[in-house]
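Per TrEMBL, the features are:
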ACT_SITE  Lys19  active site, for sulfotransferase activity
BINDING   Lys19, Gly20, Gly21, Thr22, Arg23, Arg100, Ser108, Lys225, Gly226, Arg227, Thr228, His229  3'-phosphoadenylyl sulfate binding site
DISULFID  Cys208-Cys220  disulfide bond
DOMAIN    10-245  domain 'Sulfotransferase'
Amino acid sequence: TPDYGEKRLPQALIIGVKKGGTRALLEAIRAHPDVRAVGTEPHFFDRNYEKGLEWYRNVMPKTLDGQITMEKTPSYFVTNEAPRRIHSMAKDTKLIVVVRNPVTRAISDYTQTLSKKPEIPTFEVLAFKNRTLGLIDASWSAIRIGIYALHLENWLQYFPLSQILFVSGERLITDPAGEMAKVQDFLGLKRIVTEKHFYFNKTKGFPCLKKPEDSSAPRCLGKSKGRTHPKIDPDVIHRLRKFYKPFNVMFYQMTGQDFQWEQEESDK
């Protein structure tokens, strides 16, 4: 029960990426009895740092000995100061990054913004510096976030690869239990969250979490998840794939993991 225990600074953080599947991962790992996590994003290491570590600790849920305190703020991954700040809090902090195909991620990011600001220009307009020359605008955040290799370099100056787990956003949908097994192993937890925690929701098109002991209705992510993406000109998608490919290859080399985003494309 929440009344016992004490508030501690988190030992593990989900640091990214936006529109990668961080909410799904957080909800799934919170089903583990040894994990306590904040539901809202504290944004401590990017927006609220000047409030100090005591403020941050206070935001955390109470934990008992042996429980892990966690939070997720996907913008940390692309915040220059975040690795240094987290390292100075605790250099053994475990970091989890959920990544997905950067092209799909960019479109999902745009879709989210569009739902809040319907007046923004089209994806095609925002994606290019010069459409005729096919120059991608890498300064647009929807595109910049997906240059994972670039951001990872910043983290590797402070943390060894062994302290960072990369979760596939795609596999979180196709094989949630398999990805959750890796997450639990990485956090040093017993594998308690397994296939029996998930069921596939046909309307949403992705897995939902069953409540433990089937006590009540299953938990599906809210309306803001699984929005229908706008139709994007295939030529733009093609150019974006070409743009990301060298960065993806570099990212695979840096992490020692092949996320198969290129294969996915050739299947289509």
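Each residue, glycine too, has its Cβ placed from N, Cα and C.
Because TrEMBL annotations are produced automatically, they should be read as predictions rather than curated entries.
What you are looking at is a predicted structure, and each value in this text was computed from that prediction instead of being measured.
Here Thr228 (3'-phosphoadenylyl sulfate binding site) is compared against the recorded positions Lys19, Cys208, Cys220, and the shortest C-alpha distance is to Lys19. The Cβ of Cys220 (disulfide bond) has 18 neighbouring Cβ atoms from other residues within 10 Å, across all protein chains displayed. For Ser108 (3'-phosphoadenylyl sulfate binding site), the same-chain residues that are 6 or more apart in sequence and have a Cβ closer than 8 Å to its Cβ are Lys19, Arg227, His229. For the recorded positions listed here (Lys19, Gly21, Cys208), the lowest count of other CB atoms within 10 A around the CB belongs to Cys208. Cα-Cα distance from Cys220 (disulfide bond) to Arg23 (3'-phosphoadenylyl sulfate binding site): 11 Å (rounded to the nearest whole number). Other Cβ atoms within 10 Å of the Cβ of Thr228 (3'-phosphoadenylyl sulfate binding site), summed over all protein chains shown, number 7.
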